[in-house]
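Here the structure comes first, spelled out in structure tokens, and everything after it is commentary.
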């Protein structure tokens, strides 16, 4: 992203670029018909559950001043604003963990100030939002998004790991709180007697761990060997909300002798109760805040503005990765401007603001990519079959499919179609052609089957539109009306969900993956081969490299990986420790801003530039694993995929395999290892297994 020196230049360019395709954004959504409901429901459940969980956390940390009603209202209002007026409609916004952290600090400070207290907390938080909106407006004015590339993976993954720790911290604190009497409650009540509090805690552990285990299992259902494909897809996409419903239902199957209130359930006032309605009049109390505190609000506003700028822009980046092949332009500068207005509105309404969230934003794009790919595939297969039934030549069949691709592809043209469909053209044109091998034998390749082969050659396409974002925001707004139903969810189920969010965010975080290497013994990382003459001193990577692995494991010395990881770990512990400081902890974002300076000026003095580039690559790069089982011949992977019942299921499974849980697309390349080592490793494995009488390796 090139720096722009003219004021508002980035915003103006973004606005013009998005205005040219604004009408098309709506047309693409409505023309999809009912098929748009699948990604809409998918992203709705992915957005609503965290917002409900964050609402319970915020209610606990602010003594009920802010609850789930406010987090749902913020997510719905900001979502509608962004889906209609925002630049990038694929970006999903919502109340996120950084907002909860900052509001917790604001409340802790305000309630202990005699001139503020709980009465003026929301008004003072409103001033923080006003100053935050001003700073975001200035960032948009001065084209600050052009400097986004200075926040590298080094900072992004460290921030992600902090959120992971805070999620797990909240899960543990919540589970422990189930064993004690809530603050402000009458301990003389029968329900708060020791035996019932203890039973509540035990049930809390069961529901929390049950939700955690089943949610993690449902996440990997798509690659399971059991069940029909459509069922596995449903469980993988909607398994987590289904597990919340399941464990909530189980909480009502307890013996009747257990008193009402065990287990504890989510507490939030109904939207029409006075405590909820008072938020909408916060704007009248803004000038009741003393001038000194109005000016003091600038300090937390700087922190919030920095967090929102970073979090919102990164989420937008992830939603429009280049591998998605989006046709419409980006709008980073303009989206920051829209964010400033939505933060201002939330502050005046007395609700916590929303910003771009991960992994929901790239999840939204991925779901639309599967939808668009299925539509393209269906039409192209039909066209190819019609041509083959009419005995059309290979060139004619390809030409018809190319016409369909160009027609269905927004802003598609023949030149770009030729480039993207080159491999498909090669596969189709070779139909019926004879191949002469080296020994003189003449064979014909396998006949092109559109049902079976088209999937492998079809480029990624995304249905770029605004309808799904608007619909899911309206569904979130509808959740406010069903708060009486939401109140039936046990709090322990939400603590289990926090644990799920923590663990589920780890895969794809290379910092977390490198941390695991610290606990792998050298004998597991490397293995010396036996005495094989000239190869006796060769070191072959053992289990770590057998599966798909980060590319830096093959190109960066382990001591460099270790030093880089330990530095990140120490820095993470410092940041996490700072979040425990009661008031000064609100300044913890400063440590992330310092990472830009550390990365650009300090780390190059201690690490080789090439190694640093590998460890801090902008893209998630990994290498294929070196499989050492000689009984599985190469090339069998193709025969495995032929048994798939529905190619659309294969599309979803492939998209999931090559996407991290953060929503980042993986770049996979062949291993850098010398093929000679692979052959030697295979020979060694064959010799070892040949000693077992029951094992008979397949000969090549």
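Glycine is treated like the rest: Cβ placed from N, Cα and C.
Keep in mind the model is a prediction, meaning the values are calculated, not measured.
Here TrEMBL gives transmembrane segment for one range in the set 268-288, 331-351, 352-372: that range is 331-351. Annotated by TrEMBL as transmembrane segment, the relevant range among 36-55, 56-75 is 36-55.
Of the given residue ranges 3-23, 234-254, TrEMBL assigns the label transmembrane segment to 234-254. DSSP assignment over the domain 'Bicarbonate transporter-like transmembrane' (460-523) gives 43 helix, 1 strand, 20 coil. Within its own chain, the transmembrane segment (234-254) has Cβ neighbours under 8 Å at 41-42, 45, 48-49, 203, 207, 210-211, 214-215, 217-222, 227, 262-263, 265, 488-490, 493, 496-497, 500, 652, 656, counting only residues six or more beyond its boundaries.
Three or more CB pairs closer than 8 A are found between the transmembrane segment (331-351) and the transmembrane segment (121-142), so contact between the two stretches is assigned (pairs 6 or more residues apart).
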